[in-house]
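Feature annotations, reproduced from TrEMBL:
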type: SIGNAL; residues: 1-18; note: signal peptide
type: DOMAIN; residues: 202-219; note: domain 'Tyrosinase copper-binding'
type: REGION; residues: 287-313; note: region 'Disordered'
type: DOMAIN; residues: 383-394; note: domain 'Tyrosinase copper-binding'
type: TRANSMEM; residues: 474-496; note: transmembrane segment
Amino acid sequence: MLLFALGFLLVILQPSTGQFPRVCANVQSLQNKECCPPWDGDGSPCGQLSNRGSCQNILLSQAPLGPQFPFSGVDDREDWPSVFYNRTCRCEGNFMGFSCGECKFGFSGLNCTERQVKTRRNIFQLTTSEKNKFLAYLNLAKNIPSQDYVIATGTYTQMKNGSNPMFRDINVYDLFVWMHYYASRDTLLGGSNVWRDIDFAHEAPGFLPWHRVFLLMWERQIQRITGDENFTIPYWDWRDAEDCEVCNDEYMGGRHPTNPNLLSPASIFSSWQVICTRSEEYNSQQALCSATSEGPIRRNPGNNDKSRTPRLPSSADVEFCLSLTQYESGPMDKMANYSFRNTLEGFADPQTAISNPAQSGLHNALHIYMNGSMSQVQGSANDPIFVLHHAFVDSIFERWLRRHRPMLEVYPAANAPIGHNRENYMVPFIPLYRNGEFFKPSRELGYDYEYLQEPALQSIQDFLTPYLQQARQIWAWLVGAAVFGGIVTAVLTGLIRACRKKKGGTSSEIQPLLIESEDYNNITYQSNF
């Protein structure tokens with residue numbers, strides 16, 4: 001009871017992160033296309049009086065997009081968030097948030113100057129009290145309404161270009177379920193027509209940065225509603241698992257005794273209601289998910305289509321994926337070959353890196369294996385296993401970043417599917433985040449993974465791997481250079497000896513002055529490589 005009371009109090013006092021800020025979900029903000037609310041600290045828009053930020057025009061990327069979406073001006077998510085707002089808060093320094101009232105990820109303190117790095121841990125390494133606290137936090141989020149954010153229940157056109165706002169309240173957990181749905185939903189083209197080959201969070205370069213931001217926002221929200229600033233998302237290391245190890249009543253819910261598609265009544269998650277799972281219904285009505293309850297969580301792990309996903313991913317699958325040097329390749333979608341992103345996402349074979357959408361590997365394999373709510377993209381975040389799974393996927397992304405140390409330029413700047421270029425803003429987040437801003441090591445964003453901190457040998461190996469790979473690529477040149485250098489050295493040595501023999505008969509009167517031994521020791525030698 002105390003936990004619930006504390007949660008309600010904190011959610012009122014603290015800003016959150018999500019989709020449409022409540023203070024901007026009104027006629028004036030929509031018609032002016034401006035979301036620059038005042039910061040509570042000084043009452044000025046974006047905290048301008050305190051030099052936290054200012055209201056600025058949104059700078060949209062002009063880089064060309066890939067051919068996957070052949071339309072323009074038909075989807076509210078194009079050039080996000082310009083259909084709704086073209087002026088938002090641009091925060092300075094380490095400040096962040098829709099009103100610049102928060103600190104950037106990895107910073108804390110009154111002026112956001114204190115760096116911090118928190119550790120995400122294996123769920124099976126948590127103590128019983130830590131594990132029970134995590135489960136309680138999840139249930140708390142499902143029962144507390146978001147005070148700062150609302151969701152859209154209609155398109156901008158259905159809102160009559162802002163004159164008829166269509167928004168509704170939502171609880172904290174379902175806010176994130178809805179955001180995942182909104183980013184991956186189909187485009188409504190009118191009548192009964194839709195365009196399915198569009199996704200602002202999957203099947204393209206932004207898959208990993210988008211889910212990285214999603215988890216950071218979710219983690220911060222849990223910290224706020226509970227008052228537990230040290231909370232971090234645990235992960236489930238599913239490598240080589242023979243079954244769903246977290247699918248029991250001690251953790252994420254066991255199987256129902258009479259209906260294998262439902263959760264055990266002994267689990268707190270058996271009473272949860274899902275939202276945003278009926279995509280065909282929304283499409284036929286040309287409507288958005290309104291976050292109404294659509295039944296209990298469904299899960300039947302292991303009873304999936306074995307022809308598509310015969311087993312859970314192995315350690316060998318992960319290691320092969322990590323060996324891939326290209327982050328992205330070719331069309332930069334689910335048909336990309338030899339792409340680390342596409343292989344980790346699961347559209348390419350984890351043993352060859354050749355695209356095979358008929359099979360589901362790595363990330364996708366877990367979703368299909370769960371055989372229920374998690375197996376449908378738009379509503380997959382309804383199952384709380386989602387956060388455990390994606391935390392581990394993010395850790396694999398982190399291992400790749402540490403091993404290959406890519407420059408920001410490795411992330412595609414142009415010609416990626418819509419919403420996935422480096423400078424595109426991620427849908428549907430406000431405050432705004434660009435894809436490229438999260439293509440960097442996790443420690444710079446304020447978190448690390450327990451298993452990546454040890455052993456030291458693995459860190460050394462990850463550090464040396466890119467240099468060894470480069471050496472293999474240029475070994476022939478190195479051998480050639482060594483041979484050439486040896487020949488040059490031999491020739492020069494011969495010439496020097498010949499010159500010395502020729503000068504051997506010179507009289508002492510015309511020899512150069514000899515250096516005194518005490519001066520010899522004071523001479524310094526420099527070499528240029």
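Along the chain as shown, the residues are counted starting at 1.
Each residue, glycine too, has its Cβ placed from N, Cα and C.
Over the domain 'Tyrosinase copper-binding' (202-219) the predicted model carries a mean pLDDT of 98.
Residues of the same chain lying 6 or more positions beyond the ends of the region 'Disordered' (287-313) and with a Cβ under 8 Å from any Cβ of it are 151-155, 168, 170, 174, 177-178, 181-182, 185, 188, 238-244, 247, 253, 255, 260-263, 269-278, 350, 358-362, 364-366, 368-375, 378, 382-383, 385. For the region 'Disordered' (287-313), DSSP puts the residue distribution at 0 helix, 1 strand, 26 coil.
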